[in-house]
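Have a look at the structure below, then the notes.
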There are 2 protein chains.
Amino acid sequence: MRAEIVKDRVLVEKKAINEFYNNGYYGRPKPNGLELTLIEAVYLAYREKIEVEHEGKVLDFAGLFKAASILHPSFELKYIVYKDLRERGFYVQPGVTDFRVYPRGSHPGKGAAKQFVYVRSERAPMPLRDLLRSLAAAENVRKQMILAIVDEESDITFYDVKRPRLKGEMKEPLYPDINVDATFLEDRVVVWDEDASNTLFENGFYGKPLDSQRLQLSLVESRYLLEKGVLNINNRQNESLEVDAFSKMASEIEPEFNMKSSVYTDLRDKGVVPKTGFKFGSHFRVYSQVESPTKIPHSEYLIHSIPLDHEFALPVMSRAIRLANSVRKRMIYAIPTDDGIDYIDIGRVKM
Amino acid sequence: MRAEIVKDRVLVEKKAINEFYNNGYYGRPKPNGLELTLIEAVYLAYREKIEVEHEGKVLDFAGLFKAASILHPSFELKYIVYKDLRERGFYVQPGVTDFRVYPRGSHPGKGAAKQFVYVRSERAPMPLRDLLRSLAAAENVRKQMILAIVDEESDITFYDVKRPRLKGEMKEPLYPDINVDATFLEDRVVVWDEDASNTLFENGFYGKPLDSQRLQLSLVESRYLLEKGVLNINNRQNESLEVDAFSKMASEIEPEFNMKSSVYTDLRDKGVVPKTGFKFGSHFRVYSQVESPTKIPHSEYLIHSIPLDHEFALPVMSRAIRLANSVRKRMIYAIPTDDGIDYIDIGRVKM
């Protein structure tokens with residue numbers, strides 16, 4: 001069937017409405033024919049359903065592909081994703097986002113699209129603010145947000161983005177009536193009292209025993225317990241440290257201390273137990289409940305704190321999520337904002 | 001037994017030589033007693049074997065620990081690793097590196113130390129040059145290089161560092177007599193000729209089919225094949241691109257292109273097949289041999305290129321290695337130098 005490039009669209013003669021729209025939901029019917037996006041047109045040309053003219057000449061496939069690549073930013077990326085979804089039987093329509101995808105068994109006119117698909121190249125950094133804006137847009141109309149990331153060899157990885165429900169069972173009081181001295185050494189804090197060490201470790205899964213009598217605490221744990229009045233922290237010269245002085249010293253050791261610490265506090269306040277996620281390259285692994293350090297359950301989440309102006313390097317994000325999923329955890333990003341901590345959960349999905 | 005802090009060492013009375021050196025290889029025998037490092041002394045004090053005086057006063061354990069923390073940089077980190085190794089039955093001696101460790105069943109005087117252990121905090125960035133210098137020092141005396149990384153909660157992860165042997169079976173010619181046109185689109189290259197597309201994909205596992213007739217190539221693959229004279233690459237305006245022009249355009253799309261490309265070339269020249277490692281957050285996954293794209297074997301290595309002035313953020317390194325190991329691969333770093341590409345293999349070990 002004959003078609004023609006008009007600006008950044010392709011117009012196909014009128015009978016295409018029946019052949020392509022009614023039988024496949026390609027394009028949008030118009031009074032003078034069927035209007036296709038360049039992506040739809042190249043796909044139909046690949047399937048040898050249409051021949052496309054441009055500036056009076058019929059283009060071969062390579063010619064059409066090159067023309068589309070010039071006319072449409074990120075054409076190849078989007079074509080790769082479109083073709084993949086179409087070939088796996090989904091009806092796909094262009095939308096405010098890159099694509100709206102209909103659930104299997106449904107199609108335009110029958111039901112609503114279920115997913116908004118955003119296509120990105122692995123090479124382009126992805127600003128967190130863009131991601132949050134897209135997520136809000138999808139949530140507003142109750143769609144699932146899908147990221148389709150195309151790697152340099154044109155493989156596609158799909159991720160869904162959503163808000164997690166983090167809720168734990170570790171309610172106060174976890175450390176009744178403790179008020180104990182601790183020392184801020186070079187970059188960690190030690191509690192010297194045996195009873196307090198054991199209670200903090202056993203009841204709240206705070207810290208790690210230095211030995212059977214003494215407890216080492218991380219900087220975020222120490223600040224939390226200092227703020228709760230559980231610890232009195234002294235430096236090595238036996239000078240007492242208030243929360244502000246402690247936080248300042250901790251920030252010198254760990255530049256991300258304040259961000260991490262605000263997330264740690266929020267998580268503890270939600271009743272979950274955050275422990276270091278160093279082995280997984282994340283700030284925290286999180287337990288919903290730890291009845292005893294001798295019966296540590298599976299931790300379901302890895303949590304990494306990022307600032308609102310963060311830009312995701314997608315290979316780094318890919319690695320983080322892949323690792324989390326490989327140990328049966330969800331990868332959660334925690335974002336301190338003026339209204340508290342925002343959490344987003346990004347995971348691989350099969351489409 | 002009585003002991004005394006002298007500068008940054010601890011001197012124990014003479015009978016300690018028999019009790020601690022002959023029965024445990026603590027310290028170095030001296031004419032006037034047994035000289036311990038602060039780390040050894042704190043460990044023996046923890047085991048209630050010695051009482052340590054400082055400036056005329058006997059110190060309790062907390063006092064000794066604080067004094068050692070002031071006198072010895074990174075004392076807590078090193079103590080944590082020393083205690084861990086000792087408690088698992090290893091004889092450990094101070095050395096040019098942090099510790100020399102004897103293999104099980106051996107001890108000072110009987111055999112040689114097998115491992116050099118370097119202790120680091122997860123928080124301190126690790127310059128690649130330091131790592132390479134340490135590796136060379138260990139190799140010089142045929143020791144295994146071990147990194148002991150202590151996280152903020154004082155858990156230790158051990159890594160061994162070595163040089164991998166990368167050797168593959170994919171010898172030239174993989175693409176006899178091909179000379180074919182290809183187009184540099186927005187950020188990838190497409191070969192339009194069906195036969196050439198199939199040969200490159202089937203014989204050399206280059207690229208990924210766009211469809212049954214056309215092949216998409218990544219930027220590093222394209223440059224390699226351009227240099228070999230296999231491809232003629234044109235831009236979308238049908239202007240021919242030489243290697244330099246192509247590399248310049250590719251570097252604008254991907255800032256690390258030149259580094260990645262030199263590693264890609266070296267790997268192909270070694271007869272292995274590098275494909276993108278995006279899903280693992282690394283530059284490449286590598287196959288020793290790919291007989292056919294329908295029978296893709298397990299890839300044994302992930303390879304990430306880093307410049308000589310790289311500084312490892314240890315949580316990032318931890319995540320990369322953990323992920324590689326979780327999919328039964330080794331994590332290899334590739335470092336372009338003036339004398340070619342250096343490779344180092346870093347993996348988790350159990351001590």
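From the backbone N, Cα and C atoms, a Cβ is placed for every residue, glycine too.
Quick look at what TrEMBL lists:
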- B:1-64: domain 'tRNA intron endonuclease N-terminal' (DOMAIN)
- B:75-158: domain 'tRNA intron endonuclease catalytic' (DOMAIN)
- B:181-246: domain 'tRNA intron endonuclease N-terminal' (DOMAIN)
- B:257-343: domain 'tRNA intron endonuclease catalytic' (DOMAIN)
- B:Y287: active site (ACT_SITE)
- B:H298: active site (ACT_SITE)
- B:K329: active site (ACT_SITE)
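Sequence features, as recorded in TrEMBL, placed on the structure.
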residue: B:Y287; record: active site; DSSP (3 states): strand
residue: B:H298; record: active site; DSSP (3 states): coil
residue: B:K329; record: active site; DSSP (3 states): coil
Quick check for the class: what is the C-alpha distance, in angstrom and rounded, between B:K329 (active site) and B:H298 (active site)? 9
Cα distance, B:Y287 (active site) to B:H298 (active site), nearest Å? 7
Check each residue in the chain of B:Y287 (active site) that is at least six apart in sequence and keep those whose C-beta is under 8 Å from its C-beta; list them in sequence order. B:G168, B:F205, B:V272, B:V273, B:K275, B:I296, B:P297, B:S299, B:E300
Residues of the domain 'tRNA intron endonuclease N-terminal' (B:181-246) by DSSP state, where helix covers H, G and I: 24 helix, 18 strand, 24 coil
For the domain 'tRNA intron endonuclease catalytic' (B:75-158), residues assigned helix / strand / coil by DSSP: 26 helix, 25 strand, 33 coil
For B:H298 (active site), the number of neighbouring Cβ atoms whose distance to its own Cβ is within 10 Å equals 10
Provide the number of Cβ atoms within 10 Å of the Cβ of B:K329 (active site), excluding the reference atom itself. 22
Secondary structure of the domain 'tRNA intron endonuclease N-terminal' (B:1-64) by DSSP, residue by residue, totals 19 helix, 23 strand, 22 coil
